[in-house]
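The structure appears right after this line, and notes come after that.
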Amino acid sequence: MTDIRTKEAIRYLGYGRHAVDETTLAMISSSFKELEECVERRSVYRIFDCIQGEGNIIKIGKMNIASDSLAKNLKGCQKAAVFGATLGVQADLLIKKYSVTNMARAVVLQSCAAVILEEYCDDCQGKIGEAAEKEKLWMRPRFSPGYGDFDICHQKEILRMLDTAKTIGLTMTDSYMLTPAKSVTAVIGLSAVDEKCHRHGCEVCQKEDCIYRRN
Amino acid sequence: MKISERLGKELLFFDGGMGTLLQEAGLLPGELPEVWNITHPEKVTEIHRAYYEAGSDIVLTNTFGANACKFHDKECELRQVIEAAVTNARKAQELAGRDRDNSYVALDMGPTGKLLAPMGDLSFEDAYEAFKEAAVIGEDCGVDFIHIETMSDAYEVKAAVLAVKENTALPVFVTLIFDEKGKLLTGGDVPAAVALLEGLRVDAIGINCGLGPEQMLPILEEFRHYSSLPVIVKPNAGLPKQRNGETYYDVEPGKFAEVMGDIVKKGACLIGGCCGTTPEHIRCMTEVCRGLPVLPVEEKEFTMVSSYGQAVILGDKPLIIGERINPTGKKRFKEALKNRDIDYILKEGITQQDKGAHILDVNVGLPDIDETAMMKEVVMQLQSVTSLPLQIDTVDARAMEAAMRIYNGKPMLNSVSGKQESMEQVFPLIQKYGGTVVGLTLDEEGIPKTAEARADIAGKIIAEAAKYGIAKKDIVIDVLTMTISSEKDGARVTLDALREVRRRYGVCTVLGVSNISFGLPARPIINSNFYTMAMQNGLSAGIINPSSDDMMKSYYAYCALMNYDDNCENYIARYANQGVDAEKSPVKDGILPLQTAIIKGLKEEAHSSALDMVKEREPLDIIQEELIPALNIVGEGFEKGTIFLPQLLMSADAAKIAFSVMKDVLAKLGQEEKKKEKIILATVKGDIHDIGKNIVKVLLENYGFDVVDLGKDVAPERIVECAVKEGIRLVGLSALMTTTVISMEETIRQLRESKPDCKVMVGGAVLNQEYADMIGADFYGRDAMQSVHYAQSLFQE
């Protein structure tokens, strides 16, 4: 029996539909265990007004974004949650350590950390959704800077809007990379219309030949 | 009266929150609060004044984000902002009718908002410069002291404190932001923070932000337990809560003041508020707390060293200092130093940590290398792969200072001796950077023959250190191990001296143990027994090889016997299965063929199989007929999609071990390996994701290339310089994001200019053939194996 976490880690490792050998499976399992002992999950979000402007322009709080893909994602949303989450520097340090002694394990840890982070973001999003539903607002899938034509440069404004350096220890480099590396920022649309939107992640992506694609 | 004269003797009150009040006064989200010092001085002044009137003795200037890393405004310069901020605070002080003699203005310095290298991209020196600029302006403007606050990274704090202490004469207070588990966002704990900051000689330390007053109580108790300094507590008005996506704090002034009363009773002597607190909170707090007696600040006697994440306390339970990062008598290590093979050194460190070391000794001294540069590099790299504190081991004062400066924590230092010259060199460094130093009991006259005389030198070292304000707890005495084959009563004198220094001074002790058996056969027998005897006579930390089973047996047995191992847990965990294993191993089925072991990625099997095979066959034949074919099978499988990345890398590791067996045999036979082609690998400037580059490195090394790994975030100039100097014919570059491909393009441009015969291969998540062509690369590698093939084809020509 392979659980969902392990399946996701296998997918990130590029196995596709291929069978996974016992050694790798054991390494995946012990990697999850080692990560669980060191990651510090932290997240923060704030809700802002979301205004759809001319063409592909969206305004979230004071942030102006020009993006077709985000405009499509947020169509009909009056509010948007701006969200940040991180597993902390310990995950980076662990991967760095194994990059010196055991590269296979470093690669497996990398995948497992990605799984833990996604899972954590899903949990957080669930809670944001619950709170929003009380206000009769329904949630869209999360959308991160760098996806589609949502410019990565908005990373900077998002971190400032959430004061992430102070609240969750999340910062970025001059080239807009999040530090710690195992971190996510995203915009989550909130709409008064309950159109359940199930398409997210792989299913919505246009890169159909991707080796990491689900299913 | 100066604040330093009142510190710890009476209760002093800070102010409360600034940000939320400015927002109420009209500051918009995203607007820089510091600019308001210039654009709305009256509003800033009004808030300061309200705090003075509410009873604050200390007001912090509105300069939290006023440093070059964070503050970027087209209209205002940093100097103007800080000047205006101090003017506003001074004006408020006057308006409130408060005397400059009993109330104060402190320059507030917050974090840069960036993560320091190696995990982030801000260098220690750049952070230092940013803080230095602000601190110098603050002093010019006449602030009473500097308050560094809301810090969540110990390394950044160190840069800030050094910047203040080296460039101003002002007192410096530091408060850090902890979570409910008592950890910094970067993972450090309270004792580690205390060790670092007391080492840096700050004037007061404590906690602010992140938590409400109640959650700070247990952290305050930890501070009081470990620290010998006055403790500051500045909580938020409770834990942050969210309403309609907005953050708010809901502990009312009355409740806040009540808990602050408890905080004073638990030992804080400087109190105030942070986010969500208002002049009303501060007024209630001063009303409730004024007149409460402060608990005395007591000198603690912990002998502590620390890393970014943890403090290690030397005491009754013996600890292990790993001795393996040292070239003395190690051919392979010397080679690694000469070839700048940092990975080899890092592996020595990680192995010792895995084997149970508590502190790692770091000695990289060789006559023909630049020890200062190497020491800095090794310390920098080690502290990003291990959380163990380091012992900086060098006789070169320059190397020692360079390492102490960039060390992320309070280091152990090896060593100072009773020679006047040595003490004059080392003690000022400790006075400045902090550290616990090993004091060798020898002086101008040499090593005394008697235990008493060695203890006398220990006394001299302790007394001299006191002149520099270095407490006895920061001195650890090494009474020196003498070789018994040349000095008959060597062991006896050493053991007597151990007891004597413990008796006379109560200080902790260290010993390099293995010297005892020099010149004797079966040295581990003597070493491990002497080790036990030394622990029994008061050794706090042995400098030993944690990979030596004999030494570790002594260690674990001693701890179990002396009740330093709860329920013998560590002993049982380590040795419970030993008997069973011993019975099992002889019945193990034969040895796996080398090729199978490599294909399956089994390291130990590959090792034993290789050892077995070299008995019968020539190493070069084994490489050609076994190792390379096995690698090819795995490589082909990877390309066909039947073998995947983890397996490919496990096989690479197994092959590496087999290669090293061959290498050792070749070295013994005096034969040379084939000369290796050099390839540079680097992750380009601005990019800090290097896992792809590391995978390529492992595979290229496996296929017999000599990889010069320049690391991540590497400037084009450095790559070019290295390519020219080493006569490199192939450079591999990696980049993860579109924002960093620009640096890749620039690196290629510069390489073309200065080293036109050098080929460039590129790879990374955002790249494809089209993109690679556009930036002028010679080759795009979709995966690691493709890079190997390209390199092979290039060098075959």
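Placed from the backbone N, Cα and C atoms, the Cβ positions cover glycine too.
Caution: TrEMBL annotation is automatic and unverified by curators.
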Given TrEMBL lists B:CYS274, B:CYS275 for Zn(2+), the same-site residue among B:CYS76, B:CYS141, B:CYS209: B:CYS209
Proximal to chain A - binding-site residues among B:CYS209, B:CYS274, B:CYS275, CB under 8 Å: B:CYS209
Residues that sit under 8 angstroms from B:CYS274 (Zn(2+) binding site) by C-beta distance, when 6+ apart in the chain: B:GLY16, B:GLY17, B:THR150, B:ASN208, B:CYS209, B:LYS234, B:PRO235, B:ASN236
Env. residues of Zn(2+) site, Cβ within 8 Å of mean position of B:CYS209, B:CYS274, B:CYS275 Cβ: B:GLY17, B:THR150, B:ILE177, B:ASN208, B:GLY210, B:LYS234, B:PRO235, B:ASN236, B:GLY273, B:GLY276, B:THR277
B:CYS274 (Zn(2+) binding site): secondary structure state under DSSP, collapsed to three categories: coil
Taken over the domain 'B12-binding N-terminal' (B:581-674), the model's mean pLDDT: 85
Listed in sequence order, residues with CB under 8 A of B:CYS275 (Zn(2+) binding site) and six or more positions away: B:GLY17, B:GLY19, B:THR20, B:CYS209, B:ASN236, B:ALA237, B:PRO240, B:TYR249
B:CYS209 (Zn(2+) binding site): tally of other CB atoms within 10 A of its CB: 23
